[in-house]
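What follows is a short report on a single structure.
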Amino acid sequence: MLERIRDSFTESIQTKIDAAEALPESIEKAAEMMVQCLLGGNKILSCGNGGSAGDAQHFSAELLNRYEIERPPLPAIALSCDTSTITAIANDYSYDEIFSKQIFALGQPGDILLAISTSGNSGNIIKAMEAALSRDMTIVALTGKDGGAMAGLMSAGDVEIRVPSNVTARIQEVHLLVIHCLCDNIDRTLFPQDEQA
């Protein structure tokens, strides 16, 4: 068991090294898009399933509260938090529509959808992306593996941040780091006077 634990750390480190080579430009582009969205008076909606739902909530919490510097709250909504809404939609319609119906109600042109799926094939995330596109929103997708069906929905104005791994746990670990990079870039761009040395 000790060897398995050490292997998990080693694999996680290697995946992050690979991601450090592959992802910085797309992370920077996504952060710039988010900054422009927020400066334009818009908001960022986020969604995911399971651990990715936790990541969506984590991102939203960092924007609504703060990341590492003191600053005003920034508008973000995690679509995985309202159990009454989610269960009503799943019961009356379909689990695949739990995020898309919220996007049709809350999403506005100029908003961003942060869509998170390690496989890129989650049905409700695909529907969420389709809803966002119909609302003239921009999409930032956090994926892994081969990008799945989500990769095929991306337009030139969207950004896919695809973790170079086929292991769900490693993808999730890098997704969290990507989220922290996005939050850091947003904060440091919007509030440069608060930047620490």
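Every residue, even glycine, has its Cβ placed from backbone N, Cα and C.
As recorded in Swiss-Prot:
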type    : residues                                                                         : note
BINDING : ASN49, GLY50, GLY51, GLU62, ASN91, ASP92, SER117, THR118, SER119, SER122, GLN172 : substrate binding site
BINDING : HIS58, GLU62, GLN172, HIS180                                                     : Zn(2+) binding site
DOMAIN  : 34-196                                                                           : domain 'SIS'
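What Swiss-Prot annotates, mapped onto the structure for a quick look.
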residue	record	DSSP (3 states)
ASN49	substrate binding site	coil
HIS58	Zn(2+) binding site	helix
ASN91	substrate binding site	helix
SER117	substrate binding site	coil
GLN172	substrate binding site	helix
HIS180	Zn(2+) binding site	helix
Which value in Å gives the longest Cα to Cα span across the substrate site residues ASN49, GLY50, GLY51, GLU62, ASN91, ASP92, SER117, THR118, SER119, SER122, GLN172 as recorded? 32
Candidates HIS58, GLU62, HIS180 (binding-site residues) - the one closest to ASN49 (substrate binding site) by CA: HIS58
With a 10 Å radius around each C-beta, find which of these binding-site residues (ASN49, ASN91, SER117, SER119, GLN172) has the fewest other C-beta atoms nearby. ASN91
HIS58 (Zn(2+) binding site) versus ASN91 (substrate binding site) - Cα distance in angstrom: 26
What is the separation, in Å, between the Cα atoms of GLU62 (Zn(2+) binding site) and GLY51 (substrate binding site)? 17
Other C-beta atoms that fall within 10 angstroms of the C-beta of HIS58 (Zn(2+) binding site): 17
Same-chain residues at least 6 apart in sequence with Cβ under 8 Å of the Cβ of GLY51 (substrate binding site), in sequence order, are THR118, GLN172
Find, among the binding-site residues listed as GLU62, HIS180, the one whose Cβ has the highest number of other Cβ atoms within 10 Å in the structure shown. GLU62
What is the average pLDDT across the domain 'SIS' (34-196)? 97
List the Cα distance (Å, whole number) between HIS58 (Zn(2+) binding site) and SER119 (substrate binding site). 19
